[in-house]
Amino acid sequence: MENRSLVTIAEHSKEKILYMLEMAKQFEMNPNRRLLQGKVVATLFFEPSTRTRLSFETAANRLGARVIGFTDPKATSSSKGETLKDTIMMVSSYADIIVMRHYLEGAARYASEVAPVPIVNAGDGANQHPSQTMLDLYSIYKTQGTLENLNIFLVGDLKYGRTVHSLLMAMRHFNPTFHFIAPDELKMPEEYKLYCKEHQIKYIEHTEFTEEIIADADILYMTRVQRERFTDLMEYERVKNVYILRNKMLENTRPNLRILHPLPRVNEIAYDVDNNPKAYYFQQAQNGLYAREAILCDVLGITLEDVKNDILL
């Protein structure tokens, strides 16, 4: 049987991305369905999560599925030395699909190769976060009316930020111009800049974060500096507040600008920005429900036509 796992957004074609966005739109019209009645969704979170875990579990519940899983690996047999493979094999015997977050880069790929059920990557270390990318794409499409020819500014932790890595790969189909704004310690890794060159993705690098630089942005994608990725806490303290978006910086930006953030926020967006109509990060998080309903259905073989023909409850 075809493995329908979602490990990286790089495996999605342009047509597939647009198909998934249309499916998310259907779920926004009515999120309450019974398309996954009788299915069991396992959520295995080896790292902390609020939005990703809760939105996947809410998506499963709204689709009629049951949810099992854990949020604290210390309370599981992995703390006794059980291997990831054994954990995956055991959970596969209980569930129809596994949503997994893990601290090791490549863990989702490995799980997809050993599991008899589909794996959805809910974040693997500093590597990829494809479900976040799907809701980011949906948010961009909703606010801009297109994914084509946009100026997208990625700000903050571009080294460890798996959300920006996935978004960059997904946007290769839509002729974006990226602006990478990061201190030298957190700049976009060379492998992703090489990816841009291989796919003719335009990008410009900055170390300064000013209102002049962001004046032409369509999307301003803020990220937090991730303390948990640093082995040297002195280095973290040095860079954690390097860029802070303040309301005054938005006065001369484009009318269509929207500010996105994968959340949680720490200090990188001042609270007075929340009331600015260009702030979209809380709506973005809400879009996660619809995008993840689409992901669960697609991975389990339910088509867009099935969703459109489903009786709304």
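Cβ atoms here come from the backbone N, Cα and C positions, even for glycine.
The feature carbamoyl phosphate binding site is assigned by Swiss-Prot to Arg51, Thr52, Arg101, His129, Gln132, Leu263, Pro264, with sequence analysis given as support. In the three-state DSSP assignment, the secondary structure recorded for Gln132 (carbamoyl phosphate binding site) is helix. When other Cβ atoms within 10 Å of the Cβ of Gln132 (carbamoyl phosphate binding site) are tallied across all protein chains shown, the result is 28.
Cβ neighbours within 10 Å of Arg224 (L-aspartate binding site), excluding its own Cβ and spanning all shown chains: 18. What Swiss-Prot records for Lys80, Arg162, Arg224 is L-aspartate binding site, and it gives sequence analysis as the kind of evidence.
Here Arg224 (L-aspartate binding site) is positioned 15 angstrom away from Gln132 (carbamoyl phosphate binding site), judged by their C-alpha atoms. On the backbone, the CA of Arg101 (carbamoyl phosphate binding site) and the CA of Arg162 (L-aspartate binding site) stand 12 Å apart.
Residues Ser49, Thr50, Ala122, Gly123, Thr163, Pro262, Gly288 surround the recorded carbamoyl phosphate site, their Cβ atoms falling within 8 Å of the Cβ centroid of Arg51, Thr52, Arg101, His129, Gln132, Leu263, Pro264, which are themselves excluded. Long-range Cβ proximity for Arg162 (L-aspartate binding site), meaning a same-chain Cβ under 8 A and a gap of 6 or more residues, is found for Gly123, Asp124, Gly125, Ala126, Asn127, Gln128, His129, Gln132. For the pair formed by Arg224 (L-aspartate binding site) and Arg51 (carbamoyl phosphate binding site), distance between Cα atoms is given as 15 Å, rounded to the nearest Å. Around Thr52 (carbamoyl phosphate binding site), the same-chain residues at least 6 positions away in sequence with a Cβ under 8 Å from its Cβ are Arg101, Ala122, Gly123, His129, Ser131, Gln132, Gly288.
In this structure, the binding-site residues Arg51, Arg101 were compared by how many other Cβ atoms lie within 10 Å of their Cβ, and the smallest count belongs to Arg51.
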